[in-house]
Amino acid sequence: MASEREGQFNLDGILSELGSFGKYQLLLLFLLAFRDSFLSMCNYNYVFTASEVPFRCRISECESELGHAVNFTTNASCRRPLSALNETACEATFETNNTVECKDVVYEHYNSIVAEFDLGCQPWKRTLIGTVHNLGLVFSFVFSGLISDRYGRKVIIVGTPLMVGAAGVLKSFALDYWILIVLEFLETSLGYGNASMVLSLESVSQKSRVAFSCISDILASLGGASFGLIAWKIPYWRHMMRAIYAPLLIVLFYIFLVDEGVRWLLAHHKNDEAVRVLNKVAKINNITLSNKAKEMLTNITEERSKANQTGQPETETPQIFSVLRSKAIVVRMAITAACFFCCMFVNSGAIINSTSISGSKYLNYSVMMLVDVPTRIITALTLTRFGRKTPICVAYCLCAIFFMTSAFVPKSICWVSVIFYMAGKMCSSYGIFSVHVVAMELFPTTSRNSLTNIANTVGRLGSVLAPQAPLLEQYMSGLTSLVFALAALGTALLALCLPETSRTALPDRVSDAERIDAPSDINSVSNA
């Protein structure tokens, strides 16, 4: 155990010497921000491409009158008067109870999928787009996690944006609703994942991992917020899709710009490559490593060389099923999955529902994304100082209070409701990021992305339900916010069951992960 801790201490020591915000790390932050900004836009593309469009029934006998007299509305009835034979009947056409189902609908504009594919009287088809999108993410996070742990973080960093970009461009040419649905599922099932956050946490020392991840997420949020501006300036859904999906194809050049994670390389016995990356970081940052650091790099290189010369087999990397034999790992993964379910339902639902609250839907969306910026600054300042569990519980309790309050604010002062809604989204953003950090810190390097993404997959079922949440407003005004509040309280309670990970180094092995939050482990880490 002592040797294991010493090796871990030395690796963190080297990362500390290399610095967390040198030229190398700043370049990595920029590259990840570009990638994640456009992935964020694509992940919520349906918020605008499948947005509601005001419409009304077409009544051929009255079109010359109704074209000017009747306003378009998103709450329009899909039924029309049985007959309208004169001007007087046309004026009272929507006041009669003698109606039949509409055969044709007139839309205010045709910028949305809803209008182009005539979904006005079929609202379930509109919300199904977001549901299928999030259902694809369920498969995506499982596959990307397994591939990332087996073949490296870089494969996912480069591969998934290319898949998303190609599928999205194809989707923009869809001529049929069901073809669009199939492409929507393929896009998300083949792309996305959270390899960026994993690489961010593994690229710096223990003291800097929260701050580095927060800065990476701030840059991605700033980029993602620009989707509101893009959607405003390019309202037609096909052109909008091409504008946000095509830039992802540039990520192909990341093959030459992004290095594999050092922790993953060492965990998979690729010592020579790990040493090469560390020396590259030192050269770019203009850092001269200490003699102790140089000695460690020399030793791990010599160990690998001796193993190759003697024909000694590599220690087999534990497979995912062997890791799941640990009861502690399975229990923690189940709790994490339940946390993800609640917090993803709240976070995704709040963003999707933002276009339905008072004000400009473009501005509302951008503000929803921009609240992540101050949130991440607060996260960086508090998550390390006060641990993990307490901030998560406090954030979600406040989230529940804000959403619940926004639901009961009178419509005459809707701006107050918007402020409380934004505050609730801010707390939700704080909480979901913190839960992701804890999930990354709970599991060993050899299966970190796989286990996190399995838990994330269960959580994505919350995102699958989220697009349906706005439909609750049909039954009671503010009901959507009340449901978000209840889900937020669920996350706060579940977070109490998770171990505290703020004072421990990232575990490399199952045994290291099992010791997290154990009194002996905390004492030894603090003594080190």
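Backbone N, Cα and C define each Cβ position, glycine as well.
Just so you know, TrEMBL annotations are computer predictions that nobody has curated.
Lifted from TrEMBL, the feature list:
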type	residues	note
TRANSMEM	128-148	transmembrane segment
TRANSMEM	155-171	transmembrane segment
TRANSMEM	177-198	transmembrane segment
TRANSMEM	210-232	transmembrane segment
TRANSMEM	244-266	transmembrane segment
TRANSMEM	329-350	transmembrane segment
TRANSMEM	362-383	transmembrane segment
TRANSMEM	395-423	transmembrane segment
TRANSMEM	475-498	transmembrane segment
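Tertiary proximity for the transmembrane segment (128-148) is limited to same-chain residues at least six positions away from its ends with a CB under 8 Å from its CB atoms, namely 43, 45-47, 49-50, 113, 155-156, 159-160, 180-181, 184-195, 198, 320, 348, 352, 449-454, 456-457, 460-461, 463-468. The stretch from 177-198, 210-232, 362-383, 395-423 that makes the most Cβ contacts under 8 Å with the transmembrane segment (329-350) is 395-423. With pairs at least 6 apart in sequence, the transmembrane segment (244-266) and the transmembrane segment (155-171) have 3 or more Cβ pairs within the 8 Å limit; the two touch. Counting Cβ pairs under 8 Å to the transmembrane segment (210-232), the top-ranked stretch among 177-198, 244-266, 362-383 is 362-383.
Listed as Cβ neighbours of the transmembrane segment (362-383) (distance under 8 Å, sequence separation of 6 or more from its ends, same chain) are residues 40, 44, 47-48, 210-211, 214-215, 217-218, 221-222, 224-229, 231-232, 350-351, 354-355, 391, 418, 422, 425-426, 429-430, 433-434, 437, 502.
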